[in-house]
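**Q** For reference, the structure I am asking about is given below.
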Amino acid sequence: MFGKKNLKWLGVVATLMMTFVQLGGALVTKTGSADGCGSSWPLCHGALIPEFFPIDTIIELSHRAVSALSLLMVLWLVITAWKHIGYIKEIKPLSIISVGFLLLQALIGAAAVIWQQNDYVLALHFGISLISFSSVFLITLIIFSIDQKYEADELYIKKPLRRLTWLMAIIIYCGVYTGALVRHADASLAYGGWPLPFHDLVPHSEQDWVQLTHRIMAFIVFTIIMITYIHAVKNYPNNRTVHYGYTAAFILVILQVITGALSIMTNVNLLIALFHALFITYLFGMTTYFIMLMLRSVRSDKQ
């Protein structure tokens, strides 16, 4: 059960499960299904199996079930990884972070159901689950990197790219928070057209300000990632890890901008909104991978 041969498929399945947790949370918010089980948690309408199954109850129950299964899968993964590749420096802290933040995510979700938190607190939920996802994602990448098909272990990232990548990570996380706040504050269609309502640029409500703030953050995120991408491919032309990694990040942020614009133009089409959540999830995951490589470079500086 905890054999080393299980590591790769466990990593892939756990990463996919955590992806579904992210998408499930976005689906719950987008469809207004957060109250699908009333104010009961972990029960649903005070029962293990509710009497009726309207669509909002099905969505909320499905999200809870996937979250519970993902916790079990992540526990299986981290125990197996700790046992067999715990000698790799990042495995143990990533294991603790992945489980800890997954539990914290569940507690915040439960608190939201029971005590009806305000929008600004609820917006933290997606960001916390994103940290847990990224930890599982990194464990999986480490497992596959043991084969040494890429030169990531020998990669040395210099200070300019390190600074840009740290800035990129911070800005992305701020963008994630404002995006989650847009969903929770019901501001997806606020502040008129995209990119700006040129007939009336002045925000007139809290929702307008939330939406405008997110658009400004999205523009900053795109700009920072574009600058970082250009710097990376220009200064590390022969390193596949940097070249492919930062190219993937730039493609993901382009897709993120496109789906964000289409969400507004289509009056928040559900499928487009879910892709919007998917792209930012993997963009942040890629960024944490760059940070892990950077920290290895910092350690090599000290040695």
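Even glycines carry a Cβ here, placed using N, Cα and C.
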**Q** According to Swiss-Prot, which residue among CYS37, CYS174 is joined to CYS44 by a disulfide bond?
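**A** Checking Swiss-Prot, the candidate bonded to CYS44 through a disulfide is CYS37.
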**Q** Could you confirm whether, in Swiss-Prot, the topological domain containing MET294 has the same name as the one containing ARG163, so that both are on the same side of the membrane?
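**A** That holds: Swiss-Prot puts them on one side.
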**Q** Counting only residues 6+ away from its ends, which parts of the chain sit with a Cβ under 8 Å from the topological domain 'Cytoplasmic' (89-93)?
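**A** Sequence-distant neighbours of the topological domain 'Cytoplasmic' (89-93): 81-82, 138-139, 142, 292, 299.
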**Q** Please report, as numbers and ranges, the same-chain residues at least 6 past the borders of the transmembrane segment (68-88) whose CB is under 8 Å from any CB of it.
**A** 1-4, 6-7, 10-11, 13-14, 17-18, 20-21, 95, 98-99, 102-103, 106, 132, 136, 139, 142-143, 146
**Q** Can you break down the topological domain 'Extracellular' (266-270) into helix, strand and coil residue counts using DSSP?
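**A** Grouping H, G, I as helix and E, B as strand yields 1 helix, 0 strand, 4 coil.
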**Q** Average the pLDDT scores across the topological domain 'Extracellular' (185-215) and report the rounded value.
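**A** Here the predicted model's pLDDT, averaged over the topological domain 'Extracellular' (185-215), is 86.
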**Q** For GLU60 (active site), find which of the binding-site residues HIS125, HIS214, HIS276 come within 10 Å, Cα to Cα.
**A** none
**Q** Given the binding-site residues HIS125, HIS276, which one has the fewest other C-beta atoms within 10 angstroms of its C-beta?
**A** HIS125
**Q** Of the listed stretches (9-29, 94-114, 126-146, 216-236, 271-291), which one yields the highest count of Cβ-Cβ distances below 8 Å with the transmembrane segment (164-184)?
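**A** Most Cβ pairs under 8 Å with the transmembrane segment (164-184) come from 216-236.
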